[in-house]
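Peer 1: Right, I'll just put the structure down here and ask away after.
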Amino acid sequence: MKVTKAELDCVAVKPEQYPNSPLPEVALAGRSNVGKSSFINKMINRKKLARTSQRPGKTQTLNFYNINDILHFVDVPGYGFAKVSKKDREAWGRMIETYLQQRGQLKAVLQIIDIRHDPTKDDQLMYDWLKHFEIPVIIIATKCDKIPKGKWPKHVKNIASVLEKDGGDPIVIFSSETGVGKDEAWKAILHAIS
């Protein structure tokens, strides 16, 4: 998909701050520092619309990005980051849970997982939670540029096995560096919102 418009529409922590818009939404979930912001930037061909950071826990709000006036990407705070207070982690958890459970415009969650490693316990909990609430999931196996192409199938199989992946949930191999998987990711996203 050719992106001609991409802008941060809204930053929210409470439902009353969500954008008053009928646009379908696709949320990005993943552990802290897995590359959610880099994914957004690569998908829209922009270097810095979504702020990236070497410091885990940078995203602390729900960030709604309007893409071509046809959908919102919703960047949510990363999970599994230990260096914030328990109180902050609980507040983030409630904020994310409220959004994922109550937002009618939400059509799918892109669960970003580092292809180099087996999914973490937090990845597994998030996937199970999304499946419990019957939220469609597109798994983005990112950072594929960091391992030889010949090893991709083995790593994808590991991800599917550890998550006990539902047959209907696609896994897209992706790289924010090279753009591998970008077209496949757009195809899966557009299918989810149609």
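Here the Cβ of each residue, glycine as well, is placed from N, Cα and C on the backbone.
Feature annotation from Swiss-Prot assigns domain 'EngB-type G' to 22-194. Annotation comment: Swiss-Prot describes 30-37, 57-61, 75-78, 142-145, 174-176 as GTP binding site, evidence class sequence analysis. Swiss-Prot lists Ser37, Thr59 with the feature Mg(2+) binding site, giving sequence analysis as the kind of evidence.
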Peer 1: Could you tell me which of these binding-site residues, Lys36, Lys143, has the greatest number of Cβ atoms within 10 Å of its own Cβ?
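Peer 2: Ranked by Cβ atoms within 10 Å, first place goes to Lys36.
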Peer 1: Check Ser37 (Mg(2+) binding site) against DSSP and tell me helix, strand or coil, would you?
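Peer 2: The three-state answer is helix.
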Peer 1: Measuring Cα to Cα, tell me the gap between Ser37 (Mg(2+) binding site) and Thr61 (GTP binding site) in whole angstrom.
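Peer 2: A Cα-Cα distance of 13 Å.
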Peer 1: Which residue among the binding-site residues Asn33, Ser37, Thr61 has the fewest other Cβ atoms within 10 Å of its Cβ, if you could check?
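Peer 2: Lowest Cβ count within 10 Å among the binding-site residues (Asn33, Ser37, Thr61) is Thr61.
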Peer 1: Can you name the residues of this chain that are 6 or more positions from Phe174 (GTP binding site) yet have a C-beta less than 8 Å from its C-beta?
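Peer 2: Sequence-distant Cβ neighbours: Phe39, Ile140, Ala141, Thr142, Cys144, Val180, Gly181, Lys182, Glu184, Ala185.
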